Structure formats: C-alpha cells, structure tokens
Amino acid sequence: MDTRAFKRSLHHSERYNRRGFGRAEEVAGSLEQAYQSELIQSIRENGYELREGRVTIRLAEAFGFCWGVERAVAIAYETRRHYPTERIWITNEIIHNPSVNAHLVEMNVLFIPVEEGVKDFSGVESGDVVILPAFGATVQEMQLLNERGCHIVDTTCPWVSKVWNSVERHKKNSFTSVIHGKVKHEETLATSSFAGTYLVVLDLEEAQLVCDYILGNGNREAFLKRFAGATSPGFDPDRDLSRIGVANQTTMLKSETEDIGRLFERTLLRRYGPTDLNDHFLAFNTICDATQERQDAMFSLVDEPLDLMVVIGGYNSSNTTHLQEIAVSRGIPSVHIDAPERIGPGNAVEHKPLGQDLERLEPFLPEGDLRIGITSGASTPDRVVEGVIDRLLQLAEAGQIAAEIA
C-alpha cells in the first residue's frame, strides 16, 4: 500500500479534520476547570518549590501535559461542541491518563471495544465521528474508517507524524526500519503500519542481539523466535538487515534511543566499511522535544538530595515509566501512582514498582523532615498533581500530630 498517497488523499477529504474547529475559546473554560491548577502554577513561580510543615516539595522543571497532549485533548473537546448530537467514537485512549479518558466518557464519547486484543469496529457507521488519539492510528484503521464514510478527527501528535515520515522514507529507499519501542504500544503499532520492512526492539539488549546477528554471531531460528510478533510479515534476517534506518516510539528513554542508534551505526560501519556506510545506515532524529525536556528535568531533579520521589501518570504510559526508571537508577525511594486516591487511607500508598503489579506500601511516609521530588508524565494534568500534593501534605501533617501525641 502506498501510505503516502493514502495520507494525501485522506487529508484532502471533506470528512477529515486535523486542525480543530475554531472553538478554542468555547472549550477553554472547561479545560481550565478540569485540568489546570493555581497551586501548581504558584509552585512554578516559586522556583518549583513548596514548603509546608515538615515537608519540602520539589517539582521537576518540566512535567505534565505537553503541547501535543494539550492539543489532542482540546480538539476532542471541540469535536463534541462541533458535533453536539452525533455519535462520536475514539479508536483508543486519547492519552494515557485515566482521569482525562473518564472525562471523555462523561461527554458521551464512545471507545472502540476491544475483544481479545482486537478492536471491533462493527458498531461504527457511516456518518459517525471518529477521533484518532494523540498516539495516532494504524493506516489500516484510517482506511477502514474512510471507506465507511466516517468523519475523521485526527489528533495525532505532530512528533508522531514525523516518525511516520521517517519510516516511509526508509521504505522508499529500501531500508528496514528498526523501531525502538514497545511492540504492542499504540504508537509503535501505528508507526510500523506506515513502514515497509520493520523490526521492533525494546531496549539496548535486543538491539545488541540484532547487531550480533548482522556480524554473523547469531542463530536464525533463535532470532526469529525471539522477535516473533515484532517484525513485518515475511521478515528475513539474512536479507533484511543489510540496510537499516532507525526510528523510535517518541516516548522512549532518549539516552537509550541514542545508544541504539550509535550501536547500529558502529555495527554497519564494521560490517560494510566507511565508504559504503551511507548505503547501509540512515541517521535519525525522531526524539520528541517534550519527552527529552521531561527526562532532562528529571535527571536534574534526582541530582538533588531527596528522601522520596513520586512519579505521577498512567500505568500504561511509556514516558511516565521511563521517568520512574531514572529515579530507580539513582537509588532514590520512589513510587509510581496514577491518581491521588492511591495515597491512603492511613500512612500507605498503592503504587506500581517497575515491571511489577500494583502493591501496597505501608508505612509510606517516614517521620521527620522530608524532601519529596515530584514529576508527572506528559499525559498528566496539573489538577492531578495538585491532588497528589494535597494528599501528601495531609498525610505528613497527620503523621506529625501522631508523633507528637506519642
């Protein structure tokens, strides 16, 4: 399928919209009430610090809603205003945040049902309005919705679209796209649908396995077994790893994406020599600015003396998980929570350790003075961060009173 030609055709359709409906002022009040926070703004203006009682809160200098997320949510709100009575669907979570998605449900936006990992579009009819989320949608989904006569509202983040352009360029020049991402993540599924031949690698370890194979140090059967489900149909490692272009899921850890790119460049340089390197490797620059800013701010924050790190965001949010990884790598006690309600009752928190299921930690806050670092993923509203801070301060005050009584 010529994905470039399809996109051009779709973008010229009267039933396609990716710029909103000119109703920004109409929805501004609803967005502010639901997602913004005067407390968080005041903390920003106070050097990202709040002191109250025995607690000092230190906010990362970049956190929370990114521009792409703000844009997607605003367009979704505008869509409901523009189509007040029409049936509106969304192909997936608009962003990875439970409170934001709950607000869409309250606005009577329907989510495409998923049965055993497969989306069921059977209920979508001609004339329905369908929102594509910030992560994008696969080209096959877009084609289905277009052929069905739906009104498509595309909130795909422009940074994601930039990655799609990169893998289409790989395809045009007969390069295999090596995508650094999570194979089942919505963004990676969408990106791979625009690629030709592709291979998804999760981390530097998997990238090293691929590079070992390129240099003749691998077993074909073991390779295909390891990457089953992570390649394009008919992928042949003996044929398809001679010309490589690297791309990434925009929310992956910046430093690891860069390491993977350098690893493939060194490997192909070793395999084919400097004269022919450009015929076998394409450089890349698909790291999202917002992801990079939040990770850089997190690295700065964990350089400070902290007693505890609280990372806030959806449990299925890739960029939030990578922020948690940074704290863990520095040995700072840390918790990843998706909502204020995870804190309490009592001196306890329900949180998600890296790579594990939810667990309850009790006691949560230690006695004495505390410096607590806080950050949030790109899909987390300031209002949620405010709720977490309120709970932490209430818990700290209750603990202080209990200690004084004792």
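Note: Cβ is positioned from N, Cα and C throughout, glycine not excepted.
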Response to the item:
From candidates Ser37, Ser242, Ser376, Ser379, Swiss-Prot puts in the same dimethylallyl diphosphate site as His96, His185, Ser317, Ser318, Asn319 the residue Ser379
Worksheet item: So which of the binding-site residues is most packed in, judged by how many other Cβ atoms lie within 10 Å of its Cβ, out of His96, His185?
Response: His96
Practice prompt. Looking only at C-alpha atoms, tell me how far Asn319 (isopentenyl diphosphate binding site) is from Glu187 (active site, proton donor), rounded to the nearest Å.
Written response: 12
Item to complete: State the Cα to Cα distance, in Å, between Ser318 (isopentenyl diphosphate binding site) and Cys288 ([4Fe-4S] cluster binding site), rounded to an integer.
Response: 13
Practice prompt. Spatially speaking, which of the binding-site residues Cys66, Cys157, Thr250, Cys288 is closest to His185 (isopentenyl diphosphate binding site)? Use C-alpha to C-alpha, please.
Written response: Thr250
Response to the item:
Sequence-ordered recorded positions within 10 Å (Cα) of Cys66 ([4Fe-4S] cluster binding site), taken from His96, Glu187, Thr250, Ser379, are Ser379
